[in-house]
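Presented below is the structure to which this report refers.
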Amino acid sequence: MAGIRVTEVDWLSRKNGAAHHTQEYPGPELVVRRGQAFTLVLELNRPLEDQETVIFTVETGPQASEDCHTKAVFQVSEPEVGKNWTVVEEAQLENTVTVSITSPPNAVIGRYMMRTRVSSRRKQNDRKLGEFILLFNPWCPEDDVFLDSEEERQEYVLNDSGIIFRGVEKHIRAQGWNYGQFEEDILNICLSILDRSPLHQNDPATDVSRRHDPIYVSRAISAMVNSNNDRGVVQGQWQGKYGGGTSPLHWSGSVAILHKWFKSRFKPVKYGQCWVFAGVMCTVLRCLGIATRVVSNFNSAHDTDRNLSVDKYVDSFGRTLEDLTEDSMWNFHVWNESWFARQDLGPSYNGWQVLDATPQEESEGVFRCGPASVTAIREGDVHLAHDGPFVFAEVNADYITWLWHEDESWERVYSDTKRIGRCISTKAVGSDSRVDITSLYKYPEGSRKERQVYRKAVRKLFSVEASGRRTRIRRAGSRGLWREDLLEPAAKPNITGKFKMLEPPRLGHDLSLALCLANLTSRAQKVRVNLSAATILYTRRPVAEILRKSHSVRLGPEEEKQIPITISYSQYKEDLTEDKKILLAAMCFVTKGEKLLVEKDITLEDFITIKVLGPAVVGVEVVVKVMVVNPLLEKVEDCVLMVEGSGLLQGQLSINVPTLEPQERASVQFNITPTKSGPRQLQVDLVSPHFPDIKGFVIIHVATAK
């Protein structure tokens, strides 16, 4: 009788893809999720006899071994659920055998090679059947990444577009982002990111064996999305100069970035800032099967010395002294949360985990951050892995202002210390709304519980030495402050102040606002006000001063007064950055030596609208109309409309915009032909050499062709 062998395999990609929620991956390999059965049909050169059985071998990575769980050999048997790879014969018809294969729910993820041989009297070599890709499985209750909500799985694993919130606390703006995890080559690129990691380059076999663990994988991705240690994907740039690369604000999604990195043979892509790092990491983790979302924290602390305070040094005009101020409070900062169990910490800390690929501080010698349990942050358990103190400070640090005198002495100035960690936001499940998740990170500001947690975190960070000496904090100029000194509040002055916009702050127009001062006492007070304004980056780093003037004001008993302020377009036009932000400061010197610092961050507004002229159907061309406005009081040329959207068009569309007269409204029309059904996001970006990018997006509901 002829020797028996497998001659062909049908991977049943459509059936398996539907069952495993992987049908959107373009292939060519089969993509399945761990802990869940998938079906194959094997064709043999003759029927199996009673004593013959098919033996399967699967392996991943170099030097695959059963000891490292990167190789498994198995055959038809009674399945041991959850422990090992198993195969069950479902049907046998003449020369074909249908089998169902299940991987363990903690199997290593990645690209596998599958081989088979048939046990018989004759010795046989294994035959390669081909490669398949195994991913994490949020649908499997035994998988560490299991998420028990179908709506959330659809949003956080399968949605290929989303919204990133930017701006300032009082003026939050939504920006569309194309994650594109199912676009051509993206899965292959995401696996390459793991293979390019120094962890893999230094010890490939051990690295692959640890890819069963979402804690390990997500931490590796956090390091690799930035380029600081490892020729990772994106190179950061926060100086406002983007020569030789792309401005972070020009990107509308992750796909172009990942393709560029891969095609350039892993040369870091220039340039990114926090939302770009978070957008790319969301793509990679969703692609690998870990439920992930993008989170924005407004007034986000960057605490460089781990003392739970952001210490800002200013001069008599409230201007930041850059050479003394090491800490910072960014207008907003964007990171990721991923959902998985913390086997290392215990079930109390399962759920959302903070991951941050923006290279701010090193963690164990590498620029990465997390995973840090959101529950641990809320409860002040900052001693737990990974990077709890840094994340806790981002949302809880006190904002402390120091007035620096010419004799190099300084004093604390009254300001709002509780500004940090406001309006922590993410996109709602199933809609474009903004959801405030601040309560997941901390108890209500000023509540008894919040203060208890803060003190608990301080105790864990500032342990008292055995000798009883108090922990000392190094500060600017090699001076030192005791922690107790930092906790002492500045004296509250007898006046209040706030900036008020008199007209909406529109790009290309003069700014009109007022400083409102109020006397809280029954006696008259004199106030000297030093005003300054500067264009800033979103990190609040000043770029150029655009206003400096002083006023003297007499406030009668319990009187309120307004100081009008005008900043003309000509004052800010040359120095406005792409962030479109201006910082106003008023240092107020009151009778009896009291001091008050009032600040306001302004984001200039712009305008763009997008309309789809007709129903959107797969395979049918439809017209899109975009209305743009020249925000300037001068004629502009060389504007370009950049258009992107997964499932709506291939790659990026670039459309030249006709010359725009001062403040002219103009419409631009173009055609798209959707290729995928369901809700699809179209991003539009008006790019001009004369003003910062103006971005918009629209959700298009695409119907299946009848």
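Placement of Cβ uses the backbone N, Cα and C atoms for every residue, glycine included.
Whatever TrEMBL says is automated annotation, not expert-curated.
Here is what TrEMBL says about this protein:
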| type | residues | note |
| --- | --- | --- |
| DOMAIN | 266-359 | domain 'Transglutaminase-like' |
| ACT_SITE | Cys274 | active site |
| ACT_SITE | His333 | active site |
| ACT_SITE | Asp356 | active site |
| BINDING | Asn396, Asp398, Glu445, Glu450 | Ca(2+) binding site |
Distance check, please: Cα of His333 (active site) against Cα of Glu450 (Ca(2+) binding site), rounded to an integer number of angstrom.
22
For Cys274 (active site), identify the closest of the recorded positions Asp356, Asn396, Glu445, Glu450, judging by Cα separation.
Asp356
Can you count the other CB atoms that lie within 10 A of the CB of Cys274 (active site)?
27
From the Cα of Asp356 (active site) across to the Cα of Glu445 (Ca(2+) binding site), what is the distance in angstrom?
24
Look at the recorded positions Asp356, Asp398 and tell me which residue has the greatest number of other C-beta atoms within 10 angstroms of its C-beta.
Asp356
Number of other Cβ atoms within 10 Å of the Cβ of Glu450 (Ca(2+) binding site) across all protein chains:
17
Rounded to the nearest Å - Cα separation of Glu450 (Ca(2+) binding site) and Asp356 (active site):
24
Show which residues of the chain containing Asn396 (Ca(2+) binding site), separated from it by at least 6 in sequence, have their CB under 8 Å from its CB.
Ala301, Leu308, Ile420, Gly421, Lys442, Tyr454, Ala457
Distance check, please: Cα of Asp356 (active site) against Cα of Asp398 (Ca(2+) binding site), rounded to an integer number of angstrom.
21
Site with most surrounding Cβ atoms, counting all protein chains shown within 10 Å, from the recorded positions His333, Glu445:
His333
Using the CB centroid of Asn396, Asp398, Glu445, Glu450 as the Ca(2+) site centre, which other residues of the same chain sit with their CB within 8 A?
Lys418, Ile420, Gly421, Lys442, Gly446, Arg451, Tyr454
